[in-house]
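Per TrEMBL, these features apply:
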- Cys26, Cys62, Cys96: [4Fe-4S] cluster 1 binding site (BINDING)
- Cys183, Cys187, Cys190: [4Fe-4S] cluster 2 binding site (BINDING)
- 17-133: domain 'MTTase N-terminal' (DOMAIN)
- 169-402: domain 'Radical SAM core' (DOMAIN)
- 405-476: domain 'TRAM' (DOMAIN)
Amino acid sequence: MADDATTIPDGDARGRKKVYIETVGCQMNLLDSELVIARLRDEGYELTTDIDQADAILYNTCSVRQHAEDKIYSALGRIKNVKKRKPGVSIGVLGCMAQKDQGSILKRAPHVDVVIGPGQLGRVPQLLEEAKREGKPQLAVSLDRRAGTRETITASFEGYDPDREPSMRPSPFQAFVRVMMGCDKFCTYCIVPSVRGPEQSRPPGAILAEARLLAAQGVKEITLLGQTVNSYKHREGDGRTTRLSDLLYAIHDIPGVERIKFITSFPNDMTDDLLQAVRDLPRASRYIHVPAQSGCDEVLRRMKRMYSASFYEEMLARMRETIPGVAVSSDFIVGFCGESEESFERTVGLVERARFKNSFIFKYSRRQGTKADALFPDDVPEAVKKRRNNDLLAVQTAISLEDNRRLIGETAEVLVEGRSRSTTRREGWDGTDQLTGRTACDRIVVFEGPEELVGRFIRVRIEDASAVTLFGRVPAADLAGVPA
Ligand code: SAH
Ligand code: SF4
Ligand code: F3S
């Protein structure tokens, strides 16, 4: 049947519907998008990167800062016309912002067909179908954190992890595995506990089965995910407890898994058994992301981080003593409520002493529904937040550059991730293929080499460095036998 100008049928000539997805936010969201696409693939959808070809347009959203939400609301504004042109197209808002804003999304953007929170993502195909059948938008969110008992709230955040879709992974040989859902820390600035629900550790059997499945699909690098991943604890019926270190040992034994990482760690839960596991397991990445957020005790108290700056520094010393050469990275929030110039200077001091591999620095963004928003005025002017952000970044960048330059002349073992994007190309680049990979301590290395190296471990001699990238060369002898 030929298309006419007003009605465009769903799906292509073979009847397969196409889905387009955009993902913002953290690694949890990248993983969720993979699982959603896997579910839809089982229902006959195929993935498209062309929004104009799509029968379903999905946004997997983030609420951690205002900016992340603004991006999605403006994308929703832009696609209003797509819906006008092609009324059959389904539009979905998934993830954290769906859980936070719920029905108000439909008021702001009436052309949206489904609003689905992170705890309901297993139902995406069914809800898209229901929205079509009933001709009205569908809303599926989990219970509010004050709307029931811990058990009922937890049950409303359903797990759906075993669905996997290789094409949605960072690369064919890298995959995420969720070990924990939700968060119970309730840092006062943070929306995550409200939108991701109560902390739950997945049973080790399910995690290991998933890791084995991924290894069988050719995955070499597994990154374990949790908001506070080092708080992982699962109690078995017989009273035995599995910790993150136990998981590392068990995954280390799976044939094919050559590198294991875990993000994000919480300072108070950095136990010695975990540090020793990272030290003793050759395939564990010697890299730990453990956000400090601030270097000022008064600010940390208002953030309810439950540690002091000196506790954090002692933890760092313990990490470095246990795991020589460990690379540590951090997150910081600048301009949090009541952050004075002295408070900020304490953070600068911490960054100067800690020598992080890198730090992610964010300007405080007030989030409705959080303790900080209810208790403290957002009293640091935007211009001051901006300046502190730039200043702290400059301090961190100088340290990253200095530490990276110290590596010049050394040879690193690199897992080759893929072609390098032009932004990381070395000055004076002569047009030869450039590849990118990471060292065991998570440093990015760019070097020349044939694409056949992607997915392999190779040695790279470091010849130059910027604050974010090392540049190197593969010894000619190591390239012998690799097709050019
Ligand atoms: N679970 C992780 C990270 C969660 S969100 C942890 O506890 O470290 C990632 C980062 O976003 C946080 O580490 C924090 O630095 C930042 N962040 C969270 N809420 C924020 C807010 N309201 N404004 C600005 N940055 C925020
Ligand atoms: Fe947010 Fe704190 Fe939980 Fe991290 S630990 S997700 S910052 S509440
Ligand atoms: Fe954002 Fe949700 Fe992750 S709020 S940072 S996508 S857990």
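Glycine is treated like the rest: Cβ placed from N, Cα and C.
Just so you know, TrEMBL annotations never went through curation; they're auto-generated.
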Position of peak Cβ density within 10 Å, selected from the binding-site residues Cys26, Cys62, Cys96, Cys187, Cys190: Cys96
DSSP-assigned states of the domain 'MTTase N-terminal' (17-133) in counts, ordered helix, strand, coil: 65 helix, 25 strand, 27 coil
Residues among the binding-site residues Cys26, Cys183, Cys187, Cys190 that border ligand 3 - Cβ under 6 angstroms, in sequence order: Cys26
Three-state composition of the domain 'TRAM' (405-476), taking helix and strand from DSSP: 8 helix, 34 strand, 30 coil
Under 8 Å by Cβ from Cys183 ([4Fe-4S] cluster 2 binding site), counting only residues of that chain that are 6 or more apart: Cys190, Val192, Pro193, Arg196, Glu199, Gln227, Thr228
Three-class DSSP secondary structure - Cys190 ([4Fe-4S] cluster 2 binding site): coil
Remaining residues near the recorded [4Fe-4S] cluster 1 site, that is with C-beta within 8 Å of the centroid of the site residues Cys26, Cys62, Cys96: Val24, Gly25, Met28, Asn29, Thr61, Ser63, Val64, Ala68, Gly95, Met97, Val192, Val195
Annotated binding-site residues Cys62, Cys96, Cys190, filtered by Cβ under 6 Å to ligand 1: Cys190
[4Fe-4S] cluster 2 site, defined by Cys183, Cys187, Cys190: further same-chain residues with Cβ within 8 Å of the Cβ centre: Lys185, Phe186, Tyr189, Ile191, Val192, Pro193, Gln227
